[in-house]
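Structure first, commentary second.
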Amino acid sequence: MSEHQWKPTASIQTLLSRAKIIAEIRQFFSERGLLEVETPILSEFGVTDVHLSTFSTKLISPFQKKEKTLWLSTSPEYPMKRLLSAGSGAIFQLCKVFRNEEAGKKHSPEFTMLEWYRPYFDMYRLINEVDDLLQYILDCEPAESMSYQFAFQEYVGIDPLSASQDKLIEKAKEYCLENAEREDRDTLLQFLFNVAVESQIGKDKPVAIYHFPATQAALAQISSEDHRVAERFEFYYKGLELANGFCELTDANEQRHRFEQDNKQRERLGLPIHQIDERFLAALKAGVPNCSGVALGVDRLIMIALGLENINEVIAFSIENA
């Protein structure tokens, strides 16, 4: 072990700037009347999303004969929606979340998330509020908005909602995806979006991409105007995905169906099956108000604010140095 390994990966000046930005985030929401909340980091329920890998730990209690597996939070979404169901009104949270994925310049397995929910906001109104926050923190230009379909046609040259599987495979091969013919439609779309769209947008101003394909709805409602798309959006700026938001699904039966479909896909992929969060579904059944919500990566926001290229430069200690 190096004698210098004890030192922080962020400079003290950066940590001072980080604290100032986090204080400004709290001020932004306080001025708008949102309640700051705290929810558990540990839960007996993991997440079914096939794209997320969850850390686990064991609860060892003298009052229990068996150890209990608990999962570290990948997002405070489920407990925050339980608060909404209980009548909290508009809420926000700044918290640590954990995703068992590789570390790199843009990723850390432990990172800080800002998540907030707005009862009776539609997707477009929440997009505007994310834009307001970015201008407030970054002093940047107003965001540009475009649909997923438009962005795909502009930068990939095909319509993602109507293109055939063969056309998607052909395009993916142009971008050097090996064994493209083995991949499903969503994997091909996500690959093409990552390599051909993300690299071209948000260079000079933030960009909001909305109406992702319905097959990528996650916890978003399906659009009532076009059932091929979901009321889901993402923000991109300076080469980083900053935020992911939804007009939230509030139908407990549909949400249960999506969880079950996730677990079926997990089984096909050889991934662990996760127990469905019945407390969350009970809250949906009891009645979560129509709302929109969004999660934003705070460390990435700070990277942009300070002009830094590596996430380890904005956190006190990297995972390798923790």
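Backbone N, Cα and C define each Cβ position, glycine as well.
Classification of E248 (substrate binding site) by DSSP places it within a strand. Residues or ranges marked as substrate binding site by Swiss-Prot on the basis of sequence analysis: S75, P76, E77, Y117, E248.
Residues annotated as ATP binding site in Swiss-Prot, with sequence analysis given as evidence: R99, N100, E101, E241, L242, G297. Every protein chain considered, the tally of other Cβ atoms within 10 Å of the Cβ of R99 (ATP binding site) stands at 20.
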Rank the binding-site residues E77, E101, E248 by the number of other Cβ atoms within 10 Å of each Cβ, and give the residue at the low end.
E101
Which of the three DSSP states, helix, strand or coil, fits E101 (ATP binding site)?
coil
Annotated substrate contacts S75, P76, E77, Y117, E248, maximal Cα-Cα distance (Å, integer):
15
Sort the binding-site residues S75, P76, E77, Y117, E248 by C-alpha distance from L242 (ATP binding site) and give me just the closest.
S75
Listed ATP-binding residues R99, N100, E101, E241, L242, G297 - what's their greatest C-alpha to C-alpha distance in Å?
19
Please tell me which one of the binding-site residues listed here (S75, P76, E77, Y117, E248) sits closest to E241 (ATP binding site), measuring Cα to Cα?
S75
What subset of the binding-site residues S75, P76, E77, Y117 lies within 10 angstroms of R99 (ATP binding site) at the C-alpha level?
S75
